[in-house]
């Protein structure tokens, strides 16, 4: 394909000058940075222009969202919430008992945790649909981390104390994130991590329930696939041969706890090798402040367990709340949710509750049943209260196999194969992160699998920071538009110019790479004669995507000017943002490196203005542009 020359020696329009940003003091810049970092949602905007009395009302409603909807509550809303509350209570009661056993805690704690925390959330939470209570993943992680050091069978009292203390630290950490507005920390658990982590956890949780399903008494404490399967195959004589009536409870419908309990009572299941819950204490939550321990050799364990379970439960709760808020077109305040979930765990740990958050299964049922406000959580709590006061003896004969089946049914939906396939199509690295989380959880441990996936995700972020993308721009014929040469095949290089776009902030971590990469672009141009008969005379850096530059990053431009000067090439900058321009100007006190006449608003203006100084290959020859015919 032969190139042709197009004469561009038309009148060059005057370039629009790059205006210096308004002067700001250090205090003003700090104020703006603080607002955008910690108060991006501008929570105080609703108070502006309001009288004092109205401000006090708005302040109370902000701290206690219940004050916003409770005055407008009516019988019509109560009817919907009553149905929803009773519906989720029917799910919460068996799930609560099951998840407490998953955490290696007394089953009654699952009901305690379905009574007090929802009442706290109703006062402080902002979601209309969130169903609060114990969840499978947090229960699994807490149980597995604590049992690494303390046996729930040999020392159940100490184990319970550690679980309650871990819940305290989890709540404290969650509330602190909300109060200090540091919710961005939970964003380190990306969708890929959660997808793999929850799928791996679902597999481990399901395999752990083989203990109940097969009636195995001596089962491994380890939460990894290999020791679990060893326990299953090495104990087959213990499990399948003894319970002659095992099929009755195992074949019962998963949700029919009452039916299975009646059957177990009728046949005296405990005499046939079928494990049952046993006696559960009647009455409301006893105080547990005296069970919290803040010293001793296990303090580090409870802090670590509280931190990890706090992050996981907070991520799940906020994600569930936002999902249903989007479906019903209302807003959930993330910082309020962090404070609400954190404070309900702090309160909960003093009333014999272990870690709770928003449950996806309960929230889905709550939404489907037509809940209108958070009052459905109050109805659920009242139903649990009635159960605690009057119905506990009825659960004496509930088979553990039913609880295991309930857990399997709840967690099996966490394995999202279509989402994994979509991840594979969109981003292969994220798919790898998901696989690391999945296999790390099932082959090593829950906490190490999660840590490995988070580490890999952070590595990805570091690679993006240290190896920012740079692209060569070319002009689309017949326009004044400049685009990536590899993306737009019709775009052509401008003779005498190397136009580059940097697509990331410039900082100490990437200046060496950027310096070497820009020089390599120049070498490629010179070695391959990409300018045809022209020599390279200008390097133009398009900086619209460079949001910030640090003190080390400023030195990149000084070093580039020196390196380019040796080659007889000059540097021009296009559309540097305000913060970047201010720092460059301050660093260039001599005004000999960053010249105003080499600063431009657009690439088109830069090329048009600098073309007038372009040295042609032959004396007297007009400035021409090489454009490739398509």
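Heads up, the Cβ atoms here are built off N, Cα and C, so glycines get one too.
Annotation source TrEMBL lists domain 'STAS' at 487-610. Confidence in the domain 'STAS' (487-610), given as mean pLDDT, stands at 86.
Residues annotated as transmembrane segment in TrEMBL: 105-123 (among others). Tertiary proximity for the transmembrane segment (105-123) is limited to same-chain residues at least six positions away from its ends with a CB under 8 Å from its CB atoms, namely 64-66, 92-93, 95-99, 130-134, 143, 152, 156, 159-160, 163, 277, 280-281, 284-285, 340-341, 343-345, 347-348, 351-356, 374-375, 377-378, 380-381, 384-385, 387-388, 392, 395, 403.
Per TrEMBL, transmembrane segment is recorded for 158-180 (among others).
Residues or ranges marked as transmembrane segment by TrEMBL: 192-210 (among others).
Taken from TrEMBL, the feature transmembrane segment covers 245-267 (among others).
Per TrEMBL, transmembrane segment is recorded for 378-395 (among others).
Marked as transmembrane segment by TrEMBL: 401-424 (among others).
The feature transmembrane segment is assigned by TrEMBL to 431-459 (among others).
Long-range contacts of the transmembrane segment (158-180) within the same chain, counting only residues at least 6 positions beyond its ends with a Cβ under 8 Å from a Cβ of the stretch, are 38, 103-106, 109, 142, 146-147, 150-152, 186, 288, 291-294, 298, 301-303, 305-307, 309-311, 313-314, 334-350, 352-355. Residues 140-141, 144-145, 188-190, 192-193, 195-197, 199-201, 203-204, 222-226, 308, 312, 420, 423-424 of the same chain sit 6 or more residues outside the transmembrane segment (431-459) yet have a Cβ under 8 Å from a Cβ within it. Remote same-chain partners of the transmembrane segment (378-395), defined as residues 6 or more beyond its termini with a Cβ less than 8 Å from a stretch Cβ, comprise 81-82, 84-86, 88-89, 92-93, 96-97, 107-108, 111-112, 114-116, 118-119, 122, 131, 257-258, 261, 277, 279-285.
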